[in-house]
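Residues or ranges marked as domain 'Cbl-PTB' in Swiss-Prot: 46-354. Summarising the annotation, Swiss-Prot assigns region 'EF-hand-like' to 179-251. If you look up Swiss-Prot, you'll see Asp232, Thr234, Asn236, Tyr238, Glu243 marked as Ca(2+) binding site, on the strength of similarity to another entry. Taken from Swiss-Prot, the feature 4-O-phospho-L-tyrosine binding site covers Arg297. According to Swiss-Prot, the feature region 'Linker' maps to 355-383. Annotated zinc finger per Swiss-Prot: 384-423, in sequence order. The feature compositional bias 'Polar residues' is assigned by Swiss-Prot to 483-497. What Swiss-Prot lists as compositional bias 'Pro residues' is 554-576, 825-834. The feature domain 'UBA' is assigned by Swiss-Prot to 927-970, with sequence analysis given as support.
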Amino acid sequence: MASSSSSSSSTNSSAVTGRLPGARSANPRKARILGLFDAIQDAVGPPKQAAADRRTVEKTWKLMDKVVRLCQNPKLQLKNSPPYILDILPDTYQHLRLILSKYDDNQKLAQLSENEYFKIYIDSLMKKSKRAIRLFKEGKERMYEEQSQERRNLTKLSLIFSHMLAEIKAIFPSGQFQGDNFRITKADAAEFWRKFFGERTIVPWKIFRQCLHEVHQISSGLEAMALKSTIDLTCNDYISVFEFDIFTRLFQPWTSILRNWNFLAVTHPGYMAFLTYDEVKARLQKYSTKPGSYIFRLSCTRLGQWAIGYVTADGNILQTIPHNKPLFQALIDGSREGFYLYPDGRSYNPDLTDLCEPTPHDHIKVTQEQYELYCEMGSTFQLCKICAENDKDVKIEPCGHLMCTSCLTSWQESDGQGCPFCRCEIKGTEPIVVDPFDPRDENRCCSFNDSLCTPMLDFDDDDLREECLIMNRLASLRKMNERQNSPVTSPGSSPLSQRRKTPPDPLQIPHLNLPPVPPRLDLIQKGLARSPCASPTGSPKSSPCMVRKQDKPLPAPPPPLREPPPPPERPPPIPPDSRTCRHLHHTENVPCRDQSTQHDAWCTRDISGASQPSICRVAHDGSPKLGVPSSSVLNGRHSRMSTEAGFIRHKHHKRRESPLETIRVYNGLSGNEEYDVPPRLSPPPPPPTITIHPAIKCPLLVNSVSDKVRNSAEEDDSEYKIPSSHPVSSRLPLHCHSIKHFPRLCENGQCLSNGTHNGISEIKKLKQPDQGDVIATSTVPVPLPSARTSARENHPHGSSLTRTPSDYDLLVPHPGEESFDSSPPSQPPPPPPARTCVPEHAMPTASGCRPNSDVDLFLPHSDPCPEAPLPPARRGPGEAKSNRLSQEYDQLPSCPDCPQAPARPPKPVPRRTAPEIHHRRHYNCDSLAENVDAKIAKLMGEGFPFEEVKRALEIAQNNVDVARSILREFAFPPPVCPRLHL
């Protein structure tokens, strides 16, 4: 080994290998001779190994057994401390038997015997066993003297056997060969190995040295010899991927690995090569009167980590293994604190500060999907999911999960084994720097620039830049983190990484899709009062939005003053700054105001972005955050066509590329209503704009939107505008043929997406008689059954919800038909009859019951917690029929050729027209079932799972307040952004 310890340690290291295996020679002439021998051996190369068949393995076992019997001599008095050869050799024997049992038949055994690594390993094991036997023969009585050179050589062989056991277990975990899949801890070191050696498990030292020299120059043959003795832990003239991983972890970082090795192993007097725990203690005993004396060695029980032994102020000798930091940093910190002052008792303590040059941290950028996902859960990607207080600043290697340093330290100090998330062995850590999500980086924002029909795929973020950056600056204070494969996917993801996977459905994410975190009972106690955390079910905290939602009851619905909308053939001009819902009954649209104030209250914990649920909706789409008055926000999204459509388009692409993409692809919002935020109040803006939802891909029934616009007395016909983002004929008479790809809407009566809540509700309010019918005259949006109620639509009580032409006079086709496949009628149909949900939605008496309609999201209710159910993501017509019961959680690819529908229009105000009253009476028989559905939808909108809501309502006998209390007591709602001010 390349040791700078005293010459005694240098001579000690030469006995086992016959040359200088670890120490430098004080004699330059001898060093040159040894270097010449090494060069000759490199030129010749190691001999080829014979096949390691069963006979060879059994012969090796006999040699190992003989070594064990020799070491069991009572006169030897071996100490039962690592490395204990009487444990190591039997363990090696057992693991070899396990390997042979996995390759029992002849074909597999032949494959094993020809395995390059296994042949080299068995040959080396046989040679080391013979060498140990020779020690006893040559040493004779000196073997029983604890301080003799022969005894020291036996101890060194014990260390080598220990390294070999660790290596065979790493390459053959559970007896199966995994050398080609071995994961090197440091990413840059792994890249080096893959580049030069591919999937090889072991390479000759000569080849390894040449390849390493191309990246890190090796100055001389003597340095190469010393380097080999450091890396070649098993002393077999080969470098395995396992040994390379250990070396890179010990002398990290990779960019300066040889420089670090020279400072720490070659020139540092405190480095001890191949020393054991007992030997370190014995060596420091002579410095017991000199506190601060220290030496360090490779840990034999935790390969890849350092063990530092030092003398305390009271003369005791302690040994410690530093965690989560390079050795030079641990030595610098210990020197500053007065623990590591005199290496090997010497007065000169090398200055290692030069090794502390700032190394570039692993910058992790938050993807749009991660950003939206964590916003929907009321958290931020960079927030540590264990404590929910600090930012993630460290990455665990090799699994890639992310967390804050304080949590990792606490976990390790409490004897936590492995990664807190996946329990994978922690082989190292890397500091990370979180970069905030910036939509400009990937053209995620778009602006319509007053164009009437800007194609949905054109990305132009100029208009949104300023607003998006507001959120991004806030988020940057908390430093958002990318995937570690980035991820990071926190981890996911976490991390990580890291290996980003398609984000799961937001409808399920809060409960299922994030890695579990270590339980934090203390945090669970104060979960509701603490900042939000994006961890999954195991998360110690629940989102404060769930607490504060209950504080702001929504006002009763405004009086029904709505008029029938004009014909749907309206032109679609839409000013970019128009607001759809901003000026709809400003005085009555209290939910908007509540939304704004609630955002402020909800995010009071930290504007730095640790928990930005308020901005989580907005930041993504660029709407103002945290009390900043939103000029126009639909469901917490900026209603500017530029902002919302920009993200819609991006999500549109995402849905096309990955069918399982989450529903939150709507302007960065989850398709489920529980994550949508009702529009905020803001000064009356220009005429309203209608954003098109990518998942809907249809020009949303503009007359429905105009219907809402008509809701305001001061609005004129100019407010009937088709979304400027319409990629298809914006002047079409708002036919539902564009909705033909929404069988979910038709088949389940569900809201297509959060972006279409209003429009869909409008669609629903217009009884859809036939596929593709135009919603022309319906003025009162009849709520569509929520995503959660879709599963119940097949139930008997939902007969009114059965998708029949009679039930959906205007829009919904018969279940047997392809939804909206028929060509749209050229003329607007008569006012549609109210759907089953109408009694709750339109009748003032039912205002307390939240209808299943998604449009109800925008309806102010007297009930303090009207939350709409989670709308499912859109799916293809064929899929919708086959998966009706599971649609609420499905994330489905958008139809690329389908026109895009606007995002949520403003809240429709129920009107009491004769047709509605008539239909209300007609479906009054089912109002009870719909009331139950509305209650389920309301509680689901607060973030509780469907099954728990259903069970709680059964226990509470359909009493919403009692059910809510039960859910809060026994089911932690996932942290979500407040959408309705519940």
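The backbone N, Cα and C atoms fix where each Cβ goes, and this holds for glycine too.
Sequence features annotated in Swiss-Prot and their locations in the structure.
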| residue | record | DSSP class |
| --- | --- | --- |
| Asp232 | Ca(2+) binding site | coil |
| Tyr238 | Ca(2+) binding site | strand |
| Glu243 | Ca(2+) binding site | helix |
| Arg297 | 4-O-phospho-L-tyrosine binding site | strand |
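Residue counts for the domain 'UBA' (927-970) under DSSP, split into helix (H, G, I), strand (E, B) and coil, are 36 helix, 0 strand, 8 coil.
Listed in chain order, the extra residues whose Cβ falls within 8 Å of the Cβ center of the Ca(2+) site residues Asp232, Thr234, Asn236, Tyr238, Glu243 are Ser124, Ile202, Trp205, Ile231, Leu233, Cys235, Asp237, Ile239, Ser240. Listed in sequence order, Glu167, Ile231, Asp232, Leu233, Thr234 are the same-chain residues at least 6 apart in sequence whose CB falls under 8 Å from the CB of Glu243 (Ca(2+) binding site). Sequence-distant neighbours of Arg297 (4-O-phospho-L-tyrosine binding site) (same chain, 6+ apart, CB under 8 A from its CB) are Tyr271, Met272, Ala273, Phe274, Leu275, Val280, Trp306, Ala307, Gly309.
For the zinc finger (384-423), the mean pLDDT of the prediction comes to 83.
Secondary structure of the region 'EF-hand-like' (179-251), assigned with DSSP and counted as helix (H, G, I), strand (E, B) and coil, comes to 46 helix, 6 strand, 21 coil.
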